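Heads up: the structure comes next, in structure tokens.
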């Protein structure tokens, strides 16, 4: 019967499948995996990767470079791998706890590690991130829309499964930070394009342009339990997370170095609960105590607990390097380390000042996971930063944030073993410029990593042309006013660690305080939100708006996740209130919250900012540190600063106590050491010296060259002033003509004179005679010697009059006299007549005259009386030129014949002209 035949065929088919199943599990091929209800079955392929190295990883030694061949969808992929030698800092430690709660800290048991970065051979813009500790785990990005996950099969020594990354399921979740997520496309193209620009190995020369984060990872007790109480498995997962995060941030020119790892094997060391806010602040408080024992830049907690709501991570904004807030918490929501790594990278991004991506920022589609800084994450995981993140990071660094990121770990004891030619300076090496075929350093022998003959150094910003630069040479400039410059010591080729002024140090002329290397003001924050021209609103706006305790006016969220009302004392630490003429804030998904307050009949406008979130986020979820809040570290009053939504006294920074030991001649840096002003010597700035600190290196010694130059300049100016004073006093002596012979008077005349006519200072100015017309005799002089002169106190004596053609009056004098332009025209004359010898003895002091021709009188400083000399009178000459006339009555003295004035040497004329020209 047809029915029985159908049943028989079904049974035979089922039997065949049962017989075939073991073979399918042992041979390469596609199989199905369980999937969520309503989704198609997910497939993975069973493979056995093939190593092409002298020794296979996992047998005691992991090679520095390796070639791995895997099959994926019928295609062989050749992976070129290189060990991530910068993943672990030299000071890396591991800490666990005994049952009694005592910490047990150890260093690495082996110099070998098993974490790699690489590419797919012959595939442009590809990227590989793997670990080979126990089997092969990691991510293989082939092209823009094709990437694979590879992981070992449980209880198998060689088999692995490989599947497309979109088949990795992650629970949906979001960050507590208030923002909305974008959608776009081609995430892998952007990600691999960014990673391609980075060198395959990070060379010593590149360290100076890199930012370096010393990361401390902590797994709480719930995470330890989630890994079946296996301490080694928990540590391996955290190491994998760090390896992925390092790969993500390399595209931003940032390296992540794991400086410490801690597993809470016997209970939590801080309060960890389902509340992400209380967990965050409890962990940050615990971290402050850790800093005294273990130096690091940033700490992240990985918890096995599930946070309430949809929050999977939380972190403060713009807090990188902060003693109080540089850290975050992330929930372990995936069995695969890459899912958790995306969340950790997201929270570190908030510490870097990155907000959630707005629309059109991310070029990765939601179907491919979107971008790392999206507000919500889920299926699949994000892997790339957006271009908006780059801009926000640059802006954060330019404002002085991330000061600790230049403090790169000493690479002389890198975790991973020593090898000449790996590009890292290690113990026993004088230099390392990479392989011989790629070394371009003229100071280093690539074959044996030694310095060439005569070379003192080969690497570092304090090494120039193979020589150490002089002590005091600046090697790192001061970025902003809260930063401090660093100087070479003359003993090391490397620039000292980057230091900045201690938190709580006044800046902006006392209008703000330094915090985390930044000088934060309300004005600057308003301009960041609204653009140029924005300014903070009146204090009344802060008090009225933030007293509401709602979405639009609050002092952040409390430990229960609810908005807090601001007390009048804390009002200026809540939502920032600004005044701006702009229609809306600069943030693409932000809206303006406008409030109008009436005070004594005056309308006051207050403008706040609210970042719009999607409907799924608006319901109860959000971060207390949204962009519309006043930033931590902003001055809210005298000796008060905003901290955690409260206006607190700055005494907890201990700045005043530290500053006292600097004796008023320096400031404290973030290492609590004095940075002395020039002229004072560290460590306490109480003795003369060049300045600087024990941390930042010495300031350059004062050079004697500028001092000598200054002394000579002062002496020259003094000599000029004395000469001018002498000439001035001589020119104001009344009725004392010189008794020197005529030739000597030529030699001792003043080489130049400053005009008192208020002219333009030109070398040959037109003089403004301050004497009424008809009161002065004006004679002409050779053109090369016509210079300004001081007016004498009285008319010239008779012996200075000569019979010669009259000189024209200056144009402005002719205009004042009402004469015609022709009357003031210049009359060229080649030579003037010699003056008659004096009829009486001359005074002993020489008269200081500008010109060596004494036929022209000196104009007086003030107007002469109507009849300056009794018995004389004046009358106009033809052509409008006024000449002083002798008395009309009485006998006239005989006049000697006119004798030509000898022509002066040419060099004298040039010298006079040069001196006066220098006064223009």
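Glycine residues also receive a Cβ, built from the backbone N, Cα and C atoms like all the rest.
Annotated range for motif 'Cysteine switch' in Swiss-Prot, selecting from 115-122, 123-130, 131-138, 139-146: 131-138. Swiss-Prot lists motif 'SH3-binding' for one of the ranges 811-822, 835-846, 847-858, namely 835-846. Cβ neighbour counts within 10 Å, taken over all protein chains shown, single out 404 as the most crowded of the disulfide-bonded residues 404, 658, 662. Each of the recorded positions 133, 371, 388, 475, 676 was ranked by the number of other C-beta atoms within 10 Å, and first place falls to 371. For residue 676 (disulfide bond), the nearest neighbour among the recorded positions 133, 321, 362, 388, 495, judged by Cα separation, is 495. When secondary structure is read from DSSP and collapsed to three states, residue 356 (Zn(2+) binding site) falls in the coil class.
Taking the Cα of residue 649 (N-linked glycosylation site) as the reference point, the closest of the binding-site residues 133, 346, 350, 356 is 350. Of all the binding-site residues given, namely 346, 350, 356, the one with the smallest number of surrounding CB atoms inside 10 A is 350. Secondary structure at residue 649 (N-linked glycosylation site), taken from DSSP and collapsed to helix, strand or coil, is strand.
Within 10 Å of the C-beta atom of residue 448 (N-linked glycosylation site) sit 11 other C-beta atoms, taking all shown protein chains into account. Per-site Cβ counts within 10 Å over the disulfide-bonded residues 495, 674, 685 peak at 674. Mean per-residue pLDDT, taken over the domain 'Peptidase M12B' (211-409), amounts to 89. Summary for the glycosylation sites 145, 445, 649: the Cβ-based neighbour count within 10 Å is maximal at 445.
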